[in-house]
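Structure first, then comments.
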Amino acid sequence: MRKLYCVLLLSAFEFTYMINFGRGQNYWEHPYQKSGVYHPINEHREHPKEYEYPLHQEHTYQQEDSGEDENTLQHAYPIDHEGAEPAPQEQNLFSSIEIVERSNYMGNPWTEYMAKYDIEEVHGSGIRVDLGEDAEVAGTQYRLPSGKCPVFGKGIIIENSNTTFLKPVATGNQDLKDGGFAFPPTNPLISPMTLNGMRDFYKNNEYVKNLDELTLCSRHAGNMNPDNDKNSNYKYPAVYDYNDKKCHILYIAAQENNGPRYCNKDQSKRNSMFCFRPAKDKLFENYTYLSKNVVDNWEEVCPRKNLENAKFGLWVDGNCEDIPHVNEFSANDLFECNKLVFELSASDQPKQYEQHLTDYEKIKEGFKNKNASMIKSAFLPTGAFKADRYKSHGKGYNWGNYNRETQKCEIFNVKPTCLINNSSYIATTALSHPIEVEHNFPCSLYKDEIKKEIERESKRIKLNDNDDEGNKKIIAPRIFISDDKDSLKCPCDPEMVSNSTCRFFVCKCVERRAEVTSNNEVVVKEEYKDEYADIPEHKPTYDNMKIIIASSAAVAVLATILMVYLYKRKGNAEKYDKMDQPQHYGKSTSRNDEMLDPEASFWGEEKRASHTTPVLMEKPYY
């Protein structure tokens, strides 16, 4: 058996070697598969080093070879379709012994930096109203908040009321409008709980005790088992108050309820449904709205501070350009602009309502008669979980640029891919804090990326090895802006960018191969579309690499199976001896026993409900 194992293993490795290295296959053949398909290039991604193009194949252009005039230089020089267009040398802005070629790869140096502003990806749910997930409790489906990022400055306004939403819900004989959204008092107190109280409560929990205050608050709220259902995935949302460092668990997950059929703004009718809506208000500056899914590394992957001296833009072949189509509103300051962006941001609020939904008087009658079927739709239209279970998945007008000079707020729904350095602007998002600002613009980003790309290419073409004439070859990336104009390797004199706090220079004499359309889409220009037909994949050996990876994985699996088989045969006796010791098997590693489990009787004989929270809306009577 062991001989068979060795034979199979050697055969497998031989097979893998032939796929990867054998039969003289050249993996860099045909890097551009030309076609007539027109591809957008919004999604530029940096390729791993092993997938990058050899940007220097056949042609070399030295200084003495350039004899064209200025008008010819932008279009008429030969283009190496293997990946490089030579940069003209008349201006002699770099060493005469250097041969500079321009890469054809339109990479984006902002990719990593801007990842946290891809809100659809990093948050994945509504912002203004977050009801992006469903969970079952006692056989019934309910909607609940699910955003992965904190929403800074978000709170709930109860219309025509002085009651704050962080006040506990009405209980016992209290009128509905006497209560808010938070959990009622408990013994021991679980909400609100101070940061120090949570630290002490979870001091022996390795999974929770070292979390930051926002994530800790989210996990604390998530430890509550609704309706005594330990198998439910439903988790309550929470609000953390930075001012007093308290975590408030929200008993009501609904965030908006408007319209005469669903609520009553008349304060004199104390026991009628109150109207409410989400907002970023001055009163909520220190609040942060949290779902059960807030990631523990949110500080790295989610936006918090607004960006001073910055304007969101789109990366277009070597430079960051303005977003052409925006919605412009007046705003006196950054707070008002951030508030406007929030109001227009992604929302999971239902868009259609059931025709047969009863008005609030009938819902009130349901409270009076303790008829759960009449009141289960309270606090949001029934359509939210029957006729219309809308989920935005984070798509919306989530970004804005605030112009401090004109006091205009420019709001848009296209994912920004770079930042423009402009002293008049502040870039903001619907998730960001209403007033907190990051002051440090990454001025060295372009220079650092240019250096990194040149070094990366030099390793491939052995830049340090001089040719016969003592010349060096440099493959310059398609980055035409930098705070170091010498790093641009520009064939003309770079121009200084106005309103730039970084003193950026831009090279304008190299032909740009992409443009922005009127609908905010970045596309390759018509004359270059054949060369970039593979965009956004843009990996010449992508299909081959998939085959190689799959075959290598298959070989590894085969080898593992054989090794496990031999090991099992050798250790059969010991295995069965161990199986006689039940204490080694089936030991749970879960921490359900550590989760808070409030008794159902805590809420009284009747409980509250809505389609966003699994507990009935009937007021608890103590």
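Glycine residues also receive a Cβ, built from the backbone N, Cα and C atoms like all the rest.
For Cys443, the partner cysteine in a disulfide bond according to Swiss-Prot, taken from Cys490, Cys492, Cys502, is Cys502. Listed in Swiss-Prot as the disulfide partner of Cys217, from the options Cys247, Cys263, is Cys247. Among the candidates Cys418, Cys509, the disulfide partner that Swiss-Prot records for Cys492 is Cys509. Ranking the disulfide-bonded residues Cys217, Cys320, Cys337, Cys409, Cys509 by how many other Cβ atoms lie within 10 angstroms of each Cβ puts Cys509 at the bottom. Taking only the Cα positions, the spacing between Cys275 (disulfide bond) and Asn286 (N-linked glycosylation site) is 23 angstrom. Here the Cα atom of Cys302 (disulfide bond) is found 18 Å from that of Asn286 (N-linked glycosylation site).
Here is what falls inside 10 Å of the CA of Cys509 (disulfide bond) among the recorded positions Asn422, Cys490, Asn499: Cys490. In sequence order, Asn421, Asp483, Thr501, Cys502, Phe504 make up the list of same-chain residues 6 or more apart from Cys443 (disulfide bond) whose Cβ falls under 8 Å from its Cβ. When the recorded positions Asn162, Cys247, Cys337 are compared by Cα distance to Cys149 (disulfide bond), the shortest distance belongs to Cys247.
Asn421 (N-linked glycosylation site) counts 23 other C-beta atoms within 10 Å of its own C-beta, drawing on all protein chains shown.
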